[in-house]
Amino acid sequence: MTTVTNMPLSDLLKSFKLKTKQQELLIRVSILCLVYILAFITRLFSVLRYESMIHEFDPYFNYRTTLYLTQNGFYDFWNWFDYESWYPLGRIVGGTLYPGLMVTAVLIYRILHFLRFAVHIREVCVLTAPFFASNTTLVAYFFGKEIWDTGAGLVAAILIAICPGYISRSVAGSYDNEGVAIFALLFTFYLFVKAVNTGSLAWSLASAFGYFYMVSAWGGYVFIINLIPLYVLVLLITGRYSMRLYVAYNCMYVLGMLLAMQIRFVGFQHVQSGEHMAAMGVFFLMQVFYFLDWVKHMLSDTKLFQAFLRITVTCAVVVGTIALGLGMLSGYISPWTGRFYSLLDPTYAKDHIPIIASVSEHQPTAWSSFMFDYHILLFLFPAGLYFCFKRLSDATIFIVMYGLTSMYFAGVMVRLILVATPAVCLISAIAVSATVKNLTVLLRSKNKGVLTGSTKGSSSSRASSKALLDQSQPFQKNGAIALLFGAFYLLSKYATHCTWVTSEAYSSPSIVLAARGAHGNRVIFDDYREAYFWLRQNTPVDAKVMSWWDYGYQITAMGNRTVIVDNNTWNNTHIATVGRALSSYEDEAIEIMRSLDVDYVLVVFGGVTGYSSDDINKFLWMVRIGGGVFPVIKEPDYLVNGEYRVDKGAAPKMLNCLMYKLCYYRFGEMLTEYGKPPGYDRARGVEIGNKDIKLEHLEEAFTTSNWIVRIYKVKPPNNRW
Amino acid sequence: MAREKSSKDNAQALFHSLRSAYAATPVNLKIIDLYVGFAVFTALIQVVYMATVGSFPFNSFLSGVLSCVGTAVLAVCLRIQVNKEFKDLPPERAFADFVLCNLVLHLVIMNFLG
């Protein structure tokens with residue numbers, strides 16, 4: 001009896017009496033299943049380490065609205081006026097949010113309940129983002145298959161499953177619009193490219209629905225409605241247009257625009273806003289272009305056609321410019337908003353809109369961020385571009401444009417690395433797949449006589465012809481093996497790096513802090529939730545809480561109290577009023593607080609724990625935003641020689657303003673570190689200047705166990721005698 | 001004088017050649033073209049009406065105009081897909097797609113009409 005110790009995989013599969021095509025299908029399906037599961041479980045670090053809770057700030061608003069939707073139904077949700085935030089203005093929630101995320105979560109919740117899984121809506125919210133990340137890997141596979149071939153699709157799915165650029169905004173607990181929106185973005189692009197490739201109305205209709213889902217999910221849909229017309233324009237200019245393009249774009253534009261206008265927050269922007277005019281312009285251009293093409297086809301005489309061409313083109317250009325000019329001059333077509341203008345001119349926000357400039361996610365990207373989020377994809381991206389240019393088709397032109405535009409925007413704002421991630425993964429997948437395919441074909445071509453096993457039919461025939469075209473130098477078989485090992489090494493390093501980054505950097509809930517104690521044990525600071533639950537249980541139901549806008553959503557969601565300003569930041573003057581109150585002396589501040597009916601003031605202080613994202617470090621932004629609306633607040637008053645200090649040498653206005661007093665009240669007696677004097681601020685690393693603080697109009701209500709959150713009650717005015 | 005005459009001749013020759021080329025198209029395509037013309041004409045009437053009366057329920061105006069433009073565009077897509085020279089898609093499939101897209105279009109219009 002002959003014993004075979006190492007049965008090759010192909011022989012093993014052959015023993016199950018599978019044909020080659022079925023073997024390939026089995027391998028592909030099993031890889032996709034494993035990638036699906038991997039994408040889900042790699043995002044679960046924080047659930048395993050802490051608990052299943054919602055992270056950060058914005059997700060708390062989304063969670064609160066989802067809760068409202070489950071309890072009150074869609075009609076009440078769509079028409080909801082929230083009087084618990086932005087006191088005394090209120091907020092029209094139904095008309096100022098993107099409902100896609102909430103509706104999706106509630107749909108999943110209802111399906112699970114229908115199947116008799118009695119889960120709480122919070123669990124569904126926490127796990128929505130990883131679920132959609134898994135779905136994104138499937139879409140990436142199909143997209144890769146459409147652009148290049150199935151090998152590239154598989155590699156794309158694998159790369160995007162663990163890419164840190166995407167994981168950063170889609171971990172379990174990060175219940176934010178981007179978790180669903182990236183899926184919608186890639187899905188819309190896939191459907192549109194499929195529509196352009198097949199020229200079928202059904203696929204265009206599907207892409208219009210994909211666009212509708214994207215519009216309902218995230219404000220970044222503006223990227224789609226500008227990239228697709230740009231792509232159409234590039235195809236028209238380079239002469240690659242065809243009838244399929246006409247069918248795909250027109251159906252998608254008209255139906256997509258109509259569907260998008262059903263979302264109240266978007267409203268009529270598709271016909272009135274300057275940011276959406278490119279799509280309309282390209283729509284009309286297409287009609288003219290294809291009409292001329294049809295006439296040229298009908299006329300046999302070119303001279304007549306030239307005359308006709310001249311007349312039509314001049315008419316169209318004149319009418320177009322008149323319409324556009326009238327629209328812009330009369331103000332009917334609104335100009336580009338500051339949010340998008342700052343993408344083209346990165347210095348715009350710093351000078352004109354301090355609120356946008358103050359968000360840390362909106363800063364320009366450093367090289368280290370790129371390397372951190374992309375690792376080897378950073379150099380595979382240009383390699384992939386090379387392969388795309390070698391085999392230009394409608395689909396590869398699209399992915400190249402998507403990649404280049406999104407990389408530009410990723411360089412302008414850190415937050416937009418997320419939008420570039422699918423393009424980078426797809427293009428890198430093309431590079432990896434094409435290279436590995438060429439190398440393995442070289443290997444196999446030497447062994448053709450020896451190998452009796454199956455040559456994976458569908459992929460290698462095209463690859464072998466490509467390999468004959470691609471190879472410019474004769475590779476030795478050893479060289480090919482060495483290069484394959486090198487590729488394998490790089491990809492395994494990528495996987496290690498991604499898992500490490502996910503575990504260390506992107507899995508912290510931000511609302512619960514952790515540190516290492518003196519003996520190496522883990523110490524958890526749960527101060528935020530402690531403070532919010534204190535608010536919930538110990539204050540009157542109609543109490544109003546004033547704090548900086550960062551904490552607004554969390555206070556309303558967990559503390560269940562009315563706030564003055566929150567993260568929506570729609571009213572700059574209201575935020576500036578709060579900023580002014582916090583930067584003024586106590587006597588001026590109490591006037592403002594009484595006019596806003598404030599009952600409690602909440603500040604975040606990191607001096608005892610060394611927590612550096614506290615209100616004292618954010619204070620200069622409060623001054624700038626307040627000073628932007630009220631010129632009485634001047635930033636130089638709080639600085640000494642341009643330097644921001646809190647110790648003895650600090651500016652007198654700084655030492656006596658409300659924020660300083662509230663943060664450092666009773667801190668002067670506190671011993672924070674061995675060998676340092678009392679009142680040593682561990683976050684700033686200095687001993688504070690004003691230790692003897694007396695509060696006249698406020699009294700301390702609650703300070704959490706590590707002094708991170710401090711709540712003060714506004715005292716009612718004194719009796720007259 | 002001669003130049004004006006030649007440009008007028010040019011325009012006439014253009015017009016005649018267009019007319020003769022168009023007359024050669026099959027009848028079903030001409031029906032689709034008629035439908036497209038009707039839809040665009042209806043859209044123009046609506047725009048003129050809006051210009052005289054004002055655009056207050058703007059969503060109604062938009063839904064009316066976009067339904068006309070939408071059916072015109074979809075009919076042109078149908079014409080493209082049915083035309084024997086350009087495609088090898090079965091005409092039944094093209095028509096089914098056309099009906100489906102129109103159905104979705106009009107459902108959205110109904111919702112948007114207000």
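Cβ coordinates come from backbone N, Cα and C, glycine included.
Listed by sequence, the residues of this chain that lie at least six past the ends of the transmembrane segment (A:25-45) yet keep a Cβ under 8 A from its Cβ atoms are 13, 18, 129-131, 133-134, 136-138, 141, 150, 154, 157-158, 160-162, 167, 170-172, 498-499, 502-503, 507. Look at TrEMBL and you will find A:25-45 (among others) tagged as transmembrane segment.
The domain 'Oligosaccharyl transferase STT3 N-terminal' feature in TrEMBL is assigned to A:29-427.
What TrEMBL lists as transmembrane segment is A:92-112 (among others).
Sequence-distant contacts of the transmembrane segment (A:124-144), counting only residues of its own chain at least 6 positions beyond either end whose CB sits under 8 Å from a CB of the stretch, comprise 32, 35-37, 39-40, 43-44, 47, 52-54, 59, 62-63, 66, 101, 104-105, 108-109, 112, 150, 152-161, 166-167, 169-176, 179-180, 182-183, 186-187, 189-190, 193, 422, 425-426, 429-430, 433. Annotated transmembrane segment per TrEMBL: A:124-144 (among others), in sequence order.
Annotation comment: TrEMBL describes A:150-168 (among others) as transmembrane segment.
Taken from TrEMBL, the feature transmembrane segment applies to A:180-205 (among others).
The transmembrane segment feature in TrEMBL is assigned to A:211-234 (among others).
Residues or ranges marked as transmembrane segment by TrEMBL: A:246-265 (among others).
The annotation transmembrane segment is assigned in TrEMBL to A:277-295 (among others).
TrEMBL lists A:307-333 (among others) with the feature transmembrane segment.
If you look up TrEMBL, you'll see A:370-388 (among others) marked as transmembrane segment.
Here TrEMBL flags A:395-411 (among others) as transmembrane segment.
Residues annotated as domain 'STT3/PglB/AglB core' in TrEMBL: A:544-602.
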With DSSP helix as H/G/I and strand as E/B, how many residues of the domain 'STT3/PglB/AglB core' (A:544-602) fall in helix, strand and coil? 33 helix, 9 strand, 17 coil
Are there three or more C-beta pairs under 8 angstroms joining the transmembrane segment (A:150-168) and the transmembrane segment (A:211-234), sequence spacing 6 or more? no
Which bits of the chain, at least 6 residues beyond where the transmembrane segment (A:307-333) starts or stops, bring a Cβ under 8 A of a Cβ in it? 272-274, 277, 281, 284, 288, 291-292, 295-296, 299
Based on Cβ pairs under 8 Å, which of the stretches A:92-112, A:150-168, A:180-205, A:277-295 lies most in contact with the transmembrane segment (A:370-388)? A:150-168
Have the transmembrane segment (A:92-112) and the transmembrane segment (A:180-205) got at least three CB pairs under 8 Å, pairs 6 or more apart in sequence? yes
Same-chain Cβ contacts of the transmembrane segment (A:150-168) under 8 Å, 6 or more residues past its ends? 28, 31-32, 35, 38-39, 42-43, 133-134, 136-138, 140-144, 182, 372-375, 377, 417-418, 420-422, 424-426, 428-430, 432-434, 436-437, 458-459, 494-495, 497-499, 501-502, 505-506
Along the domain 'STT3/PglB/AglB core' (A:544-602), what average pLDDT does this model show? 93
